[in-house]
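J.: There's a structure below that I have some questions on.
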There are 2 protein chains.
Amino acid sequence: MSQPLVLDGLKVAEDIKSKLQARVSSLKEEGVTPCLATVLVGDDSSSATYVRMKGNACEKLGIQSKRIHLPSDTTTEELIQCIEELNQDPLVDGILLQHPVPSHIDERAAFEAISIDKDVDGVTSWGFGQLAFGFGKYPCCTPAAIMAILDYYNLPIEGKHAVVVGRSPILGKPVSIMLLNRNATVTTCHSRTQNLSDLVKQADIVVAAVGKPNFIQGDWMKEGAVVLDAGYNEGNIGDVDYEACFEKASAITPVPGGVGPVTISMLLKHTVDSAELRANQ
Amino acid sequence: MSQPLVLDGLKVAEDIKSKLQARVSSLKEEGVTPCLATVLVGDDSSSATYVRMKGNACEKLGIQSKRIHLPSDTTTEELIQCIEELNQDPLVDGILLQHPVPSHIDERAAFEAISIDKDVDGVTSWGFGQLAFGFGKYPCCTPAAIMAILDYYNLPIEGKHAVVVGRSPILGKPVSIMLLNRNATVTTCHSRTQNLSDLVKQADIVVAAVGKPNFIQGDWMKEGAVVLDAGYNEGNIGDVDYEACFEKASAITPVPGGVGPVTISMLLKHTVDSAELRANQ
């Protein structure tokens, strides 16, 4: 079989960002500087890296990055208090709470405290519900990135059988709903799924969102499947055994350089969307 | 093959209601009468019948039924105003807006106006999001009824492959999420699904929620499947070809007398749940 199309996330991200550039410029002409507040709790080094990458990506595009770093002994109440202040701040368009927070904090309660109008990372239950019912403003960024990649490469979704491996609130569940709303038939699999490989073998579109390095095997793939790897494990390794799946797929995202960069650009897009709503108030 | 277990919704409903009876009595001893407000808009005769059935079921159990009937020329704004008054009324525990409303009304906007604390019918996007993330208070009643039937008969869910035919906000989507949260592997199918019969043939659990009489065929069934028919079409006909599926299923809900009566009892249960929260305030 011919080689698959390698879905270049850097190219998709550049395309999204170049369109945002003009929107940021015209917002600034109106006196509105889009602003993303990032909240990092504690000293986890990879979380710190992620937050820094997001903040830097904002600034490169002219979006203000308001970086809040709370100590690791922050309580749930203190974190919620901080988020509520950001909710009230008229100059903040979006709030990103970096996952994971230290384990003594009720992370879900903190996520839920984010105002739906500023939930540009798409983490609240209300945001998920609105997304599911077809009128969500800010879908969760990684699922939105997966959809953006499919759309950039004009890969058909309607009528296709999509198999999503994973069911987390910020990845498996929202990407399942987004594919369903685009008229795919969707099977959501997880750790309790029996005969996982048989299910994946039926998929026209495979989304790997399981968080286990090289978990999805090449011999699970139907010839010609489209493979989207949202995994990002230590050592830049995805959830998909890339070499093996490359042999079967018609299109595949690499790791790194696949879903990851597009995820950040979706966060920027949602922040600009929110700033435009502020400008039009 | 031996005859399937007929899943008797009337029996399940009686079991739920008998447990509610004691809870209603003790609430009344505390001076709290649970109250469900039903809102009917216009003169559709089957909607009027449904609302009356729900109101009567409330009263039979000692739950107050506050029945509001608005004229068919009610505007979206007027309907939302009515719902907001019910949201504010401290003696109303739950609000049911009977679907469908006349077509000139923005039904989704009206549903969304219901306070999440009184959304005992489980129709708001926020309620759906909380349900999806595992902390919903009042799941949508028909999906909750399906789960209650499975549980009443101790039918296993974890690890099973459930195929849901339908993706509406009040049936297909929430039942898919509830089955997923109970560790089923879930495939959600709909009008754009290709090879529907091949997918249904793989199902250990089939949920029919498509609104087409006798749509699901007997020869689509795997031997031993559990079949739940949430359809209710004109002439008391379900979405499942009952006679044909009866031959294959290990358990099946009849229509009528299956999912329908349990749905109403879930509405009563959620109203009592809400009244208990009021009593404990």
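Heads up, the Cβ atoms here are built off N, Cα and C, so glycines get one too.
What TrEMBL shows for this protein is this:
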- A:7-121: domain 'Tetrahydrofolate dehydrogenase/cyclohydrolase catalytic' (DOMAIN)
- A:141-277: domain 'Tetrahydrofolate dehydrogenase/cyclohydrolase NAD(P)-binding' (DOMAIN)
- A:Gly166, A:Arg167, A:Ser168: NADP(+) binding site (BINDING)
J.: For A:Ser168 (NADP(+) binding site), just count the other CB atoms lying within 10 A of its CB, please.
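T.: Neighbour count, Cβ to Cβ under the 10 Å cut-off: 16.
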J.: Write out which of the listed binding-site residues, namely A:Gly166, A:Arg167, A:Ser168, lie with a C-beta under 8 A from a C-beta of chain B, sequence order kept, or 'none'.
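T.: It is A:Arg167, listed by sequence.
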J.: Within the domain 'Tetrahydrofolate dehydrogenase/cyclohydrolase catalytic' (A:7-121), how many residues are helix, strand or coil going by DSSP?
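T.: DSSP composition of the domain 'Tetrahydrofolate dehydrogenase/cyclohydrolase catalytic' (A:7-121): 60 helix, 18 strand, 37 coil.
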J.: For A:Arg167 (NADP(+) binding site), which residues of its chain lie six or more apart in sequence with Cβ-Cβ distance below 8 Å?
T.: A:Lys173, A:Ser176, A:Thr188, A:Cys189, A:His190
J.: With an 8 Å cut-off on Cβ distance to the A:Gly166, A:Arg167, A:Ser168 Cβ center, who else from the chain surrounds the NADP(+) site?
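T.: In sequence order, the nearby non-listed residues are A:Val164, A:Val165, A:Pro169, A:Leu171, A:Gly172, A:Lys173, A:Thr188, A:His190, A:Ala209, A:Val210.
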J.: DSSP helix, strand and coil counts for the domain 'Tetrahydrofolate dehydrogenase/cyclohydrolase NAD(P)-binding' (A:141-277)?
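T.: Residue counts for the domain 'Tetrahydrofolate dehydrogenase/cyclohydrolase NAD(P)-binding' (A:141-277) by secondary structure: 54 helix, 24 strand, 59 coil.
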J.: Using all protein chains in view, find how many other C-beta atoms are within 10 Å of the C-beta of A:Gly166 (NADP(+) binding site).
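T.: A:Gly166 (NADP(+) binding site) is surrounded by 23 other Cβ atoms within 10 Å.
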J.: So what's the average pLDDT for the domain 'Tetrahydrofolate dehydrogenase/cyclohydrolase catalytic' (A:7-121)?
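T.: Taking every residue of the domain 'Tetrahydrofolate dehydrogenase/cyclohydrolase catalytic' (A:7-121) together, the mean pLDDT is 97.
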